[in-house]
Amino acid sequence: MSGFEADNHGVSISVAVDNKTLADFEVLKKPKRNKFAFACAILASLASILLGYDIGVMSGAILYIKDDLKISDVQVEILVGILNLYCLIGAYVAGRTSDWIGRRYTIVVAASIFFVGALLMGFATNYTFLMVGRFVTGIGVGFALLIAPVYTAEVSPASARGFLNSFPELRADLGWRVMLGAGAILSVFLAVGVLAMPESPRWLIMQGRLGEAKTVLDKTSDTKEEARGRLSDIKAAAGIPEDCTDDIVQVQKQTHGEGVWRELILHPTPAVRHVLICAIGIHFFQQAIGLESVVLYSPRIFEKAGITSSDHKLLATMAVGFSKTTFILVATFLLDKIGRRPLLLISSGGMVVILATLGLSLTVIGHSDKKQTWAVGLCITMVLSSVAVFSIGMGPITWVYSTEIFPLRLRAQGASLGVAVNRVMSGVISMSFISLYKAITIGGAFFLYAGVALVAFFFFFTFLPETRGKTLEEMEGLFGKLVGWREEAKKMKRKRNEASGDGIGNDQIQLGKI
């Protein structure tokens, strides 16, 4: 069959066809979302929800803990924020543990530690006892924060990785001992449920267990072709020959992670350096903009806005949790349709405006002798809006993005660095907010956070490439030039178009000018 040209109402259409039939041009149907991978991601996300549960509950429980245990503002700051520093220990240990016993059983360890910590907090009779419970809980949460996004990213197909990996950002909100102790129930459910989950296919291949990895990939991929492609990519990353089809192979192992930290920190390639800067930067700014202060200290913010009743403050705090949960659910459906980068820029840009407006309204309230109803309404609106805008971008995307960009060989240790930065900044923000607003006023504190959010926007715009739809093993080719990554992204897009028949070639359909 030869090419032909047609002119229809001024539209010139030229079609070049080389021995093709209509069947060759059949539009491929979009594969359905993999239900097995979805179920695994839901179970794994419970590990990260352990932190969300603690934060959501603590923001309400602290109202009653302070009165019951008669503690000072400084003790409140320490109680609320110290868990983030304890997380560092758990995250550090979890990185090695997940490479040693696997991702799945590391989740069981996380749930077990959190179970003990939740019981200790629930039965606490004084401040010291409560702090011991916070220490144990922090270790468990550190384990969970590292392993949940790593496991979900490794088990999810590229088409739904953003959707599935954003579930850990969901947070529960309920009321002191029962509220804190009830977290033990969640951890038991997680520990039991994880037994039905498969191990990460990437970890299995790193252990030389190709047969098991192939079975898991077949179950968690959208199509058989994608499963074969993912298997080929991971084998290449692990140094296993493409033509190797044995179920069990010998893989060179590094017993204590030697070489990994050297490649990650001391002698990184340009690509690894770029990945590291992006991962650490996104974790730093997620916490540095001060959203943790809004969630944890929302009762104090509402009090400054003129809401004095404990019941009304608790209801307003629950509204914050509801807003956060609702918009994270919205984000889960947008991540793989719109992409990480647009949502991240919208979220960070929106936070600049919202935090500045919140600072303005609180400043007006603080300097007025009479109650300014419009300023109170604006303040409450901005608190709810800040949580909503954060939750459609910077909240879930931080965990999705920072996990998926690391190469397989560096993923566990790289993710642990990101978690460490995240928890340190979270601890600094949550343990300093009361002291900060007493020093520069509460309005001044949010003006400061708005400035940090502005810096975050320019950081994301300059350094972070889009990763939507790319396999985990393709990421390394996308990074390497801090400010020149856009050209590489364009090349990658052209290659994909040509491979799928959308590029210039004999099978192209060209539309002329109208």
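Keep in mind that glycine also has a Cβ here, set from the backbone N, Cα and C atoms.
Per TrEMBL, the feature domain 'Major facilitator superfamily (MFS) profile' maps to 40-468.
Under the heading transmembrane segment, TrEMBL lists 36-64 (among others).
Same-chain residues lying 6+ beyond the ends of the transmembrane segment (76-95) with a Cβ under 8 Å from its Cβ atoms: 51, 54, 58, 62, 65-66, 106, 109-110, 113, 127, 130-131, 134-135, 137-147, 257, 296, 412-413, 415-416, 419-420, 423-424, 426-435. The transmembrane segment annotation in TrEMBL covers 76-95 (among others).
Residues or ranges marked as transmembrane segment in TrEMBL: 107-129 (among others).
Look at TrEMBL and you will find 135-153 (among others) tagged as transmembrane segment.
Positions annotated as transmembrane segment by TrEMBL: 174-197 (among others).
Look at TrEMBL and you will find 314-335 (among others) tagged as transmembrane segment.
Summarising the annotation, TrEMBL assigns transmembrane segment to 342-362 (among others). Long-range neighbours of the transmembrane segment (342-362) within the same chain, counting only residues 6 or more positions beyond its ends whose Cβ lies under 8 Å from a Cβ of the stretch, are 282, 285, 289-291, 301, 304-305, 331, 334-335, 375-376, 378-379, 382-383, 385-386, 389-390, 392-395, 397, 401, 441-447, 449-450, 453-454, 456-457, 460-461, 464.
Below 8 angstroms of C-beta separation, residues 48, 149, 162, 165-166, 168-169, 282-283, 285-286, 289, 291, 294-295, 298, 301-302, 305-307, 316, 319-320, 323-328, 330-332, 334-335, 340, 343-348, 350-351, 354-355, 357-358, 361-362, 364-365, 368, 422, 456 of the same chain, each at least six residues beyond the ends of the transmembrane segment (374-399), sit close to that stretch. The transmembrane segment annotation in TrEMBL covers 374-399 (among others).
Residues or ranges marked as transmembrane segment by TrEMBL: 420-440 (among others). Packing against the transmembrane segment (420-440) from elsewhere in the chain are residues 73-74, 76-78, 80-85, 87-88, 91-92, 142, 145, 280, 283-284, 286-288, 290, 292-293, 296-297, 300, 398, 448: each is 6 or more residues past its ends and has a CB under 8 Å from a CB in it.
The annotation transmembrane segment is assigned in TrEMBL to 446-465 (among others).
On the 0 to 100 pLDDT scale, the model's mean across the domain 'Major facilitator superfamily (MFS) profile' (40-468) is 82.
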